[in-house]
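See structure below.
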Amino acid sequence: MSQAFRTLALLGKANNDDVNQTINALYKFLREQNYNVLTETRLAHQLPCPAEHCMDIVELGKNADLAIVVGGDGHMLGAARVLARYDVPVIGVNRGNLGFLTDLSPHDFEVSLQQVLSGDYQTEHRFLLETTIYRHGEPKSSNTALNEAVLHPGKIAHMIEYSVYIDDSFVFSQRADGMIVSTPTGSTAYALSAGGPILMPQLDVMTLVPMFPHTLSCRPIVIDAHRQVKLVISPDNPDEQLHVSCDGHVTLSVHPGDEIIIRRAPHQLTLLHPKDYDYFNVLRTKLGWSNQLF
């Protein structure tokens, strides 16, 4: 048996009827089991929760043994980027679309969740990416991503000219609509849509997936996750703002001549799954792969 939990954090998208229904059911279930339940402040109005048990996500990270996130992968990504800094394990209840990161069904979560809370679960560690923008050699902005960091144009799609370095080794220069640098977790997200490979979550690698490159010879590259990726933006690009998006949530501004450093973050996400979790079953279900023929 693994660690059991007593103080639980409930997180979810506020003002969403489906999410609200599930959060209320979770809160009732957990309190009936005598768990200590903390919630996000923005959810406090819909739960009979004491004021001292309602707090922001940073305080939840400092006080909870386990976080239960209700929503889709997008909400899970937002919570994970913060909670990973506090080494708080996370499990998800799916109220989104695909739900690669949210295992529990909102309709019958009780048995699986009780097993997890009792210490009967699988543990998986997912690393994050740390992205920093340098301008004239000085750091200007930074953020983290669980799925991917994406270099892309602003409001109007156009080609970007940039060079790629792995550590200090020049790899190639390219004109493309952008570049996706993905973790294994993100290999079933944006990188998959751009033609990148599906990577098992346990692999310690990053994937570089160019977006619509203006060449026939360009292919995705898989590299050791302990390497550093540097994207150098050509000063010959049009003098307009480019962006790096972290998980599609946080946007960092990039100018011609800037350098983008992407490396493995110092912290990681601890993701919990029910005991019967199977990664390839998830892929088959979410991606609509055919069933076994014989």
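Heads up, the Cβ atoms here are built off N, Cα and C, so glycines get one too.
Database features (Swiss-Prot):
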BINDING   Asp73, Gly74, Asn147, Glu148, His158, Arg175, Asp177, Thr188, Ala189, Tyr190, Ala191, Leu192, Ser193  NAD(+) binding site
ACT_SITE  Asp73  active site, proton acceptor
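Of the binding-site residues Asp73, Asp177, Asp73 has the largest number of other Cβ atoms within 10 Å of its own Cβ. When each of the binding-site residues Asn147, Ser193 is scored by how many other Cβ atoms sit within 10 Å of its Cβ, Ser193 comes out lowest. Site extent for NAD(+): among the recorded binding residues Asp73, Gly74, Asn147, Glu148, His158, Arg175, Asp177, Thr188, Ala189, Tyr190, Ala191, Leu192, Ser193, the largest C-alpha separation is 31 Å. Secondary structure at Asn147 (NAD(+) binding site), as computed by DSSP, is coil.
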